[in-house]
Amino acid sequence: MKGMIMLISCLMLIEVVVGGKEGYLLDRSNGCKRSCFFGSTSWCNTECKSKSADKGYCAWPSCYCYGFTDDSKMWHLKTNKC
């Protein structure tokens, strides 16, 4: 039983370490979230990949990205300038 708990804990830790960061794409020109009001999921996916993320989609009205590298800049509520 202890072995099973240890295995599950290790798998969860691996997911956290390997999964990368996720969040809203930062529009560096104004410090806000990158809007996809007139865009699409494929447009957001391309934008996210251009900013070193693995993939992204339009979480209307802003682009949401998965798999950012550790040095990637993303939008944060605490540093929100909008």
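Just so it is clear, glycine is given a Cβ too, placed from its N, Cα and C backbone atoms.
Listed in Swiss-Prot:
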| type | residues | note |
| --- | --- | --- |
| DISULFID | CYS32-CYS82 | disulfide bond |
| DISULFID | CYS36-CYS58 | disulfide bond |
| DISULFID | CYS44-CYS63 | disulfide bond |
| DISULFID | CYS48-CYS65 | disulfide bond |
| DOMAIN | 21-82 | domain 'LCN-type CS-alpha/beta' |
| SIGNAL | 1-20 | signal peptide |
Review point. Does DSSP give CYS58 (disulfide bond) helix, strand or coil?
Key: strand
Review point. Can you tell me how far the Cα of CYS32 (disulfide bond) sits from the Cα of CYS58 (disulfide bond), in Å?
Key: 15
Practice item. Find, for the listed disulfide-bonded residues CYS36, CYS44, the residue with the lowest Cβ contact count at a 10 Å cut-off, counting only other Cβ atoms. Key: CYS36
**Study point:** C-alpha spacing of CYS36 (disulfide bond) relative to CYS82 (disulfide bond), in angstrom
**Key:** 16
Check your understanding: So which of the disulfide-bonded residues is most packed in, judged by how many other Cβ atoms lie within 10 Å of its Cβ, out of CYS58, CYS63?
Key -> CYS63
**Study point:** Cβ packing number for CYS48 (disulfide bond), 10 Å threshold
**Key:** 26
Exercise for review: Rank the disulfide-bonded residues CYS65, CYS82 by the number of other Cβ atoms within 10 Å of each Cβ and report the first-ranked residue.
Suggested key: CYS65
Review point. Cα-Cα separation of CYS44 (disulfide bond) and CYS65 (disulfide bond), in Å?
Key: 8
Point to revise | Residues of the domain 'LCN-type CS-alpha/beta' (21-82) by DSSP state, where helix covers H, G and I | key: 13 helix, 23 strand, 26 coil
Point to revise | Cα-to-Cα gap, CYS48 (disulfide bond) vs CYS63 (disulfide bond), nearest whole Å | key: 8
